[in-house]
């Protein structure tokens, strides 16, 4: 990932670097690095204000790296990483006696308040951050310059995980009612639709062309989801109806969609907009369908706000979360005035209305204005409620590929990947994830994925490290050749799958339709998304981390118990005097003295007195060893044999692969830690990396320590586990395990992973 300021064009790179160099006025003569990243410049004595501790701000060094802004408080050992592509706004505040304040807000809802000693440095930093956080050209995005390390997945991994035709085949499409349309193979019918769209089997080319010409941006009605009862969800954009225009082909198209469901004589057309908005659009020659022209169709308006309403709502929500001394009254009133939860509820209400209609056997055609924002939200959420497959990790990714990426949600515009009209930005995808979290919180057993999975999707949709979310439609992505030039997010997530699994998932819990609770009191504020960088407001032991750790610990103990059972069985058989099969020239292990002799395999007797733990008591009474073993489940129902006067040597053939001496046996048993350190008491990794409430913590199976992601460096099968499974090990334990190999999960370092996921992985703690 060694990379200069690749987002700068050659013509202005020298000027930009010159301005950066003026920060230090020539003090920095040699290039520096921090955590594997090339540091362009740095500022000393910068203060970072914590709204919970304004009187004692953190003081440290601000590093300007090629892809990040990094603040390091060396005394408190805190680091705050800000990915440049995550910066949403940079605001200069009035100068104070301590310096020039600069407020940096990110798309991951982190607000960082810097105080820079010199006003000139603050001005230069402000201008540079604005420039680098909003590249002018899409080719300047991080994904086109990101280089993976050799031990990670190849660039091609993930791009072929999902195929839209395969997804429709899973729904038994094509069939007698729905077929693949070839008219959009070269995006001639609609350039924002996928090249493969499914339409009613009886729809002629003339009907398709006529309907496309009557719909905004050519987004004609097409199949989005087919239920097993043959009820379908179709999607499109608003009609160009104006006040009186009509289109016979469009009317035929909707009628054919209705007839494709033989189990119902009518269908719904759902307009997700408020009725007043649709009426206003009529003045611009658009609007909504005239009920008099469409037979056997019922129309329904739902009232979801447009992108501008949602953007302003999120801004108010962020301001509420940024309050310095929030009281219960101020926070609740701010949350109420933002209207955010009201919007989330309206999206869920519409989605469930559609899902209920489909479950009842009635087809639904959904549209908003252009059919790529609110339409994508409610179509995918309705399918999520109807189809258990979409509640799995792969299924949810396929849902995003189908309803969002293929059907043309404008990710580049809505997420602000490049400099563009700010009015195009809107948290449409964020709302999808929020609605999904609401369902996940209510029915955790119904979802295979956890909260971290949703947060990872959100952060990477804005980070531009991978090419998955770049572009506004399928055609854009093919023109940019993203599958050849960039890495896929799906490949990265497949390599970190265990981090996203929900330990409460039970596929049998909700095998069919998932009915949400949409009462007002059931819609919650998502603290894990909007306040994730706040210190002191999260549990020390998040349930999503605690349960997987417990499951993993139980697995380790189960394997260790199986190992001990096997060893106890072996020793019990030997102590009971059973003879092994004779075999010449076979190594014998003597646990009395550790000698290795080549003799015939047979139970020998030895006159020497040895370890008292192995002595049998004479006189017909049970020994301590037998008393301890009396009720053991492995004890055989045989008569107690007469105790010999001499102690049998414990011998066994070497092909049983057991240690050759007691010290080696002890070392073997101790290769697995029985006690694991609780994650709530871990604030720092052994590598001095700070670990906060959201850092991903891993347990070393060898010593039980909780370490960061990059310290789980190796994996190896451990001798004290009755399993060939390669267990995760920390660096210290890996060094003592000759069979240790590099972890299947790539070693994550700052140089290989843009810390858009640092809150989920290792070395980032937020000072907010």
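Glycine too: its Cβ is placed from the backbone N, Cα and C atoms.
Mean pLDDT across the domain 'Myotubularin phosphatase' (158-530) comes to 95 in this model. Positions annotated as domain 'Myotubularin phosphatase' by TrEMBL: 158-530.
With a 10 A radius on its CB, residue 370 (substrate binding site) counts 19 other CB atoms from all the protein chains. For 306, 307, 368, 369, 370, 371, 372, 373, 374, the entry in TrEMBL reads substrate binding site.
Close to residue 368 (substrate binding site) in the fold, though at least 6 residues off in sequence, lie 237, 238, 271, 272, 273, 304, 374, 375, each with a CB less than 8 Å from its CB. The active site, phosphocysteine intermediate feature in TrEMBL is assigned to 368.
Summarising the annotation, TrEMBL assigns domain 'FYVE-type' to 687-733.
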Set of same-chain residues at least 6 away whose C-beta sits under 8 angstroms from residue 306 (substrate binding site): 273, 277, 369, 373, 374
Residues of the domain 'FYVE-type' (687-733) by DSSP state, where helix covers H, G and I: 6 helix, 11 strand, 30 coil
Among the substrate-binding set 306, 307, 368, 369, 370, 371, 372, 373, 374, as the record gives it, the longest Cα-Cα distance in Å: 12
Any further residue of that chain within 8 Å (Cβ to the Cβ centroid of 306, 307, 368, 369, 370, 371, 372, 373, 374) of the recorded substrate site: 237, 272, 375
Cβ neighbours of residue 372 (substrate binding site) where a neighbour is any other Cβ within 10 Å: 26
Cβ packing number for residue 374 (substrate binding site), 10 Å threshold: 27
